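What TrEMBL says about this protein:
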TRANSMEM  39-57  transmembrane segment
TRANSMEM  69-88  transmembrane segment
TRANSMEM  94-117  transmembrane segment
TRANSMEM  137-160  transmembrane segment
TRANSMEM  199-222  transmembrane segment
TRANSMEM  289-311  transmembrane segment
TRANSMEM  323-341  transmembrane segment
TRANSMEM  347-365  transmembrane segment
TRANSMEM  386-404  transmembrane segment
TRANSMEM  410-429  transmembrane segment
REGION    437-458  region 'Disordered'
Amino acid sequence: MERNLKNVLVISFGFLLLFTAYGGLQSLQSSLNSEEGLGVASLSVLYAALIFSSMFLPPILIKKLGCKWTIAISMCCYIAFSLGNFYASWYTLIPTSVILGLGGAPLWSAKCTYLTIAGTSYAEKAGKNAKDIINQYFGVFFLVFQSSGIWGNLISSLILSQSSTKVEISEEDLECCGAHNCLTDTTNTTGSAKPSNSLIYTLLGVYTASGVLAVLLVIIFLDQIKSDQAETEKEKLEAPSFWSTFLATFRHLKDKRQCLLIPLTMYSGFEQGFLSGDYTKVYVTCALGIQYVGYVMICFAAVNSLCSLLFGKISQFTGRKFLFALATVTNTACIIALLLWKPDPKQLAVFFVFPALWGLSDAVWQTQTNGLYGILFEKHKEAAFANYRLWESLGFVIAFGYSTKLQAYIKLYILLSVLVLSMVTYGAVEYLEARSSPGTPTATKKENGGPCSQETHM
């Protein structure tokens, strides 16, 4: 096997193992650690740490440690979060959430850097176009990585469904489910909502082992990039001073279009935060039991992946405006339906319809918003995508931060309000673009922000 391709596969399967564990754990946090809102508080802290990490750590760690060891050490930060869940408390989960958040940005940045160098190196040897090879390598990576959402949630549901405690949910308990949920720690009533400690430890053991395997895979099989190969990339990291790069992120806010895109970017964090932090708890866990969370999130992940691939292909024919309109209508319909629908275990299929439609919408928000940033800010991509990560992470922080303080219907109204504001400001961006370049079909330009701009999911 060609050596560079071997390294690409090692990274891809390392990330698959790592995010099989993290993805499954994130989906369960609001249900598994519901006492005093510990689970969602940990996620809020995690994304706050990620904001800090994105601004400061990646260039420093990659320069000092190289890509291989940055990836390996950052993966250990994810394992710490799994270990913190064994004895979940404010003294274990919050610190490990900070550790994971700090490791998140260097992990993704080092992965991007490694695959870019590997693709460029192979292209030079084979006399091929570097951009084509790099895109192929990222295609292989995402083909393998995207399935992690399916495997992680499948493992959780298979293990947690082994619970011998099956209690019939009473009408009184169901009254605390849905949009007008009861603001207590006992919203997930029923005996099946909280699995036995042995099952929880089994699940966490599997997730921890998966993370450890990911680290071992990288340490043993991933080649360190030779110093001469990495020199060019290091120069890129050193070229702009640290503080100039940091300040460039905020100087970019002088661009009116960037300011107008802030609501849309934050909405991406709000809507993902609602699905994983609120829908899984007050609809699925409350009415069906925690063992169904994994199956529901598998539905979301599968539809999201398929639609991401589909929309990436058809956007050149439909234009981004049509896709944004489709996502807006779909998300709005889901929000209104969730406000009106009272969860009922007899309507099992409905619990899967919402994440499926949510996955369709999220695919648009991810692919098209990234592409929009790449097109609008082609000359300032680093600062633009730093803003993307900043505002989306802030959306996560806020969504998880108020998760336990407000009833679901209030959060749905907030979500709807932010969505409406996002579309108004997005429309203003399109108007400014049309006015500045009349006759230029920017909506159908086949451009994007590059493979490294696509990592919006932790």
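The first residue you see is number 1, and the count goes up from there.
Note: Cβ is positioned from N, Cα and C throughout, glycine not excepted.
Unlike curated entries, TrEMBL annotations are predicted automatically.
These figures come from a predicted structure and were not determined experimentally.
Below 8 angstroms of C-beta separation, residues 11, 14, 18, 21-22, 25, 32-33, 38-39, 46, 61-62, 95-97, 99-100, 102-104, 106-107, 109-111, 114, 201, 204, 207-208, 211-212, 214-215, 218-219, 222, 224 of the same chain, each at least six residues beyond the ends of the transmembrane segment (69-88), sit close to that stretch. In terms of C-beta pairs under 8 Å, the stretch of 94-117, 137-160, 347-365, 386-404, 410-429 lying closest in packing to the transmembrane segment (39-57) is 94-117.
Remote same-chain partners of the transmembrane segment (386-404), defined as residues 6 or more beyond its termini with a Cβ less than 8 Å from a stretch Cβ, comprise 30, 36-37, 40-41, 43-44, 47-48, 50-51, 54-55, 105, 183, 245, 248-249, 252-253, 258, 262, 265-270, 272-274, 277-278, 369-370, 373, 411, 453, 456.
Counting Cβ pairs under 8 Å to the transmembrane segment (199-222), the top-ranked stretch among 94-117, 137-160, 410-429 is 137-160.
If you look at the transmembrane segment (410-429), the same-chain residues 6 or more away from its ends with a CB under 8 A from one of its CBs are 179, 257, 260-264, 266-267, 270-271, 274, 278, 324, 328, 331-332, 335-336, 338-339, 372, 376, 399, 402-403.
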